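**Q** Feature list, courtesy of Swiss-Prot:
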- Gly37, Gly38, His39, Asp57, Phe85, Asp100, His107: S-adenosyl-L-methionine binding site (BINDING)
Amino acid sequence: MDKTSVYHHIPVLLKESVDGLNVCSGGIYVDVTFGGGGHSKEILVRLGNTGHLYGFDQDEDSEKNIFSDIRFTFVRSNFRYLAHFMDWHNVKEIDGLLADLGVSSIHFDDCNRGFSFRFIGNLDMRMNQRKGETAADILNTYSENKLIDMFDLYGELKNSASIAHAIVQARMQREIQTVQDFLDILKPFVRKGKVEKQLAQIFQALRIEVNKELDALKEMLIQAKQLLRSGGRIAIITYHSLEDRLVKFFFKTGSFYEKIERDFYGNFLSPFKIINHRVIVASDEEVKRNPRSRSAKLRIAEKI
């Protein structure tokens, strides 16, 4: 396996997540968030010659990290199309799936992507820069009520209405284009002592809306349930409560949209067995080495 990579993204909860997959030598696995390839490399280390790994990523930058290995296939796509591409590759069942839902550190640190309030650049925030609305597009076109809903749902903010109103007023004067433009609008609404936390919530809400992240996560989980063989495992690393609640609920019930089945006693009839009833978090040592692992939570389930 060629281990060259254009950047050194540190994979979070690497051992814990791949251990959780219980990789079998000849199995078929999917890393739906390939990114820098860290988790994929570890899965390949544990796969035998007859096993295969599919790596999904919609970000064109991730293609620079593809390694040469006949056991690996890269799929340039959002993971919400998991079932479509597995069918295209004639894969009917998989033995395991891993997802690390965090935004790569290389993206946070790239001022041209607009993911972070720490770097001044254009407000883009798209994972796939070839299509879709940018963060600036949303701020300049969404109605005030739609902006309120976005900040309420995805940022869990208490002052969503005030922020949304200020955005609408500001864009009447001039178009919002850069991170600095946005920060200037937000300044009166961020309390001293909680600046970073509140800005992180606001930027999170905008990023989730730009990339339709929660909708994509739901779709991927539903498809993963259908693809996993009995005994196959799914390991998901989340970074905020919205994602974690979705994953926890899905592992418990196996559904989002359908009627949730219960037994005679009212217990959920889930297609999954929970492997770790307590979420797995990064050790103190890992947090020191990689501070962005601090908020990571790992949940693992096995298809019954």
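Using N, Cα and C of the backbone, Cβ positions are placed for all residues, glycine too.
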**Q** Counting every protein chain present, what is the number of Cβ atoms, excluding its own, within 10 Å of the Cβ of Asp57 (S-adenosyl-L-methionine binding site)?
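**A** A 10 Å sphere around the Cβ of Asp57 (S-adenosyl-L-methionine binding site) contains 27 other Cβ atoms.
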**Q** Can you check what DSSP calls Gly37 (S-adenosyl-L-methionine binding site), collapsed to helix, strand or coil?
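**A** In the DSSP reduction, Gly37 (S-adenosyl-L-methionine binding site) maps to coil.
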**Q** Need one number for the S-adenosyl-L-methionine-binding residues Gly37, Gly38, His39, Asp57, Phe85, Asp100, His107: the maximum pairwise CA distance in Å, whole number please.
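**A** Per the listed residues, the maximum Cα distance equals 25 Å.
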**Q** Which of the three DSSP-derived classes (helix, strand, coil) applies to Phe85 (S-adenosyl-L-methionine binding site)?
**A** helix
